[in-house]
Amino acid sequence: MTTPALLPLSGRRIPTLSPGAASFPHHRATLRLSEKFILLLILSAFITLCFGAFFFLPDNSKHKRFDLGLEDVLIPHIEAPKGAKHPGEQVVIHGQGGHDEHRHREEEESLRDKIRVDHERALQEAKEKLRKSRDELRAEIQTEKSKVVEDLKKKKEVPKPLPPVPMPKVVGVNDGDSVEPDVKEKRDKIREMMKHAWDSYRQYGWGHNELKPLAKKGHSTNIFGNSQMGATIVDALDSLYMMGLHDEFKDGQEWIEQNLDFSVNAEVSVFEVNIRFIGGLLATYYLSGQEVFKVKAVQLAEKLLPAFNTPTGIPWAMVNLKSGVGRNWGWASAGSSILAEFGTLHMEFVHLTYLTGNPAYYQKVMHIRKLLAKMDRPNGLYPNYLNPRTGRWGQHHTSVGGLGDSFYEYLLKAWLMSDKTDTEARKTYDDAIEAIERHLIRKSNGGLTFIGEWKNGHLERKMGHLTCFAGGMFALGADGSPDDKAGHYLQLGAEIAHTCHESYDRTVLKLGPEAFKFDSGLEAVAVRQNEKYYILRPEVIETYWYMWRFTHDPKYRQWGWEAAQAIDKYCRVSGGFSGVKDVYSSNPTYDDVQQSFFLAETLKYLYLLFSSDDLMPLESWVFNTEAHPLPVLHLANLTLPGSQAQR
């Protein structure tokens, strides 16, 4: 028996009909006369209802879509209707009053006559059906069932063919061995940790989203819905490929080919599924060249598109993969969508448009950017909450950690991924970082640089583990920053890396807490019990790796090795790796979850830290927020909005 997925606080389970509940009963010997009469009544009522619905349903032409006038820019050309100025524009011809009204009445009367004839024909067909014997009816029903099953099989077996597109230049995906024996030894140790995590999942949680390493069984959370979608497999594949674990990679590929199915009745997080599944599948496609990963990524992306059907085009946080119905988290401010969630789609969606030729993906994310550009920002800061119905900000809470983090990351990475041609994204990033530095970044009494959180005009002197990614972001964005500030931002990245290392070093286990404060004489230390846990997070190690790539200061490898040893000592169990509940306790208790991002990010960044720079060079690859590498797109013949070629 599987454990039901957790739901948000406000979530409710909706009862659904069990499969086959509406099918014809097989235990009846005959269809009695009364049953035939009831069936006839039902058919008649249904047809009458259809007849009435035609006249009472609302006129769709009266509904207007929220549109900012974006053009299809990633596809070379799209035909517009004759006489229309832009793609998708409708040509309106004004009629001549009374003549049009008379013609409209005639058309309406003709349509009524047609419906009446159809109604009578349907009733006649129903009567004929009821005159048939039980065996004849059963045979007809079986034929129809077989036809439906066959149609479904055809649809499943024949995915839409994708247009051939040039493969971006893929470099530096293998090797990366260091010539230094001690560095190579550490790298091999990280690979061994990856193999232990994967083998444990393979043995105890195969096909489940994640693993409970102590209970030695599968685990899932509400971000993945109630289905077994193999999140750990999809998340880990590119790490396995980079590390040369070929047999393990092959097992994962076979599971994806045979079992990964998105036509499930599951409500999932749009953000999490995008960064883990679509990002993971796209990265693995580019690394391995195996077509199956691209096809699966596109199939899933199509399932996410209904989430954007809101009055503003800001997507819902969750969407049901089967029904396409979306909604937001119950705990979010007044039904708002979250900045880090709707702002962390750009990288994957640009690649989806590139690979499919479908402009919809690119248009969706550019629409979000254009909408945000038109909005007022308090003190130049982006609040974490935005209502998708009204287009207004929720409560004024700004964070570079949870709820906000990867929005800023993706502005910078949109520019890098576009071969530095998307200058609009770069300008938006620079403006946002300037406001963050002015209002959120401070030095503690002890000299530690930290990034606080802005809440209703007040700076909270607290920093989350998630915020620690920003050190790497500042270093990555240093080159290209305005006013010759490259040195300043590289130094800022180093200061954040130092602060986050202190948050690790000041614990008993040498692992960082979820959040830490800078007040009341305490610095870089967690105060509340519910902030003392470590769930195998990667952000501090991510910053170490970026700082190593840009400075080659040996302390970053030393700090990374300290973290790797602590993880191996305190988080490793016989059934995998587990988070711990209190990093200040010498006898830690486990949370019994091996997160999928541990294999996707934490171990990958550690492996890269002890590899040479020719493995995944940053000139050719941009890592999404789940550490899935996507190649830079050298779009020689295409220009993105706001871009100026800088070749």
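Each residue, glycine too, has its Cβ placed from N, Cα and C.
Just so you know, TrEMBL annotations never went through curation; they're auto-generated.
Feature annotation from TrEMBL assigns transmembrane segment to 37-57.
Summarising the annotation, TrEMBL assigns coiled coil to 116-147.
Residue counts for the region 'Disordered' (157-183) under DSSP, helix first, then strand, then coil, are 4 helix, 0 strand, 23 coil. Taken from TrEMBL, the feature region 'Disordered' covers 157-183.
Glu272 (active site, proton donor): 21 other CB atoms within 10 A of its CB, across all protein chains. Annotation source TrEMBL lists active site, proton donor at Glu272 (among others).
What TrEMBL lists as active site is Asp405 (among others). Taking Cβ-Cβ distances under 8 Å and a sequence separation of 6 or more, the neighbours of Asp405 (active site) in its chain are Ala340, Ser399, Leu466, Thr467, Phe469, Ala470, Thr625.
Long-range neighbours of Cys468 (disulfide bond) (same chain, six or more residues apart, CB within less than 8 Å of its CB): Ile496, Ala497, Cys500, Ser503, Gly512, Glu539, Val540, Glu542, Thr543. Residues or ranges marked as disulfide bond in TrEMBL: Cys468-Cys500.
Counting Cβ atoms from all protein chains shown, Glu514 (active site, proton donor) has 21 others lying within 10 Å of its own Cβ. The active site, proton donor annotation in TrEMBL covers Glu514 (among others).
Per TrEMBL, active site is recorded for Glu539 (among others).
Sequence annotations record features per position, and here TrEMBL assigns Ca(2+) binding site to Thr625.
Rounded to a whole number, the distance between the Cα atoms of Glu272 (active site, proton donor) and Glu514 (active site, proton donor) is 19 Å.
The number of other CB atoms found within 10 A of the CB of Glu539 (active site), across every protein chain shown, is 23. Cβ neighbour count for Thr625 (Ca(2+) binding site) (all protein chains, 10 Å cutoff from its Cβ): 24.
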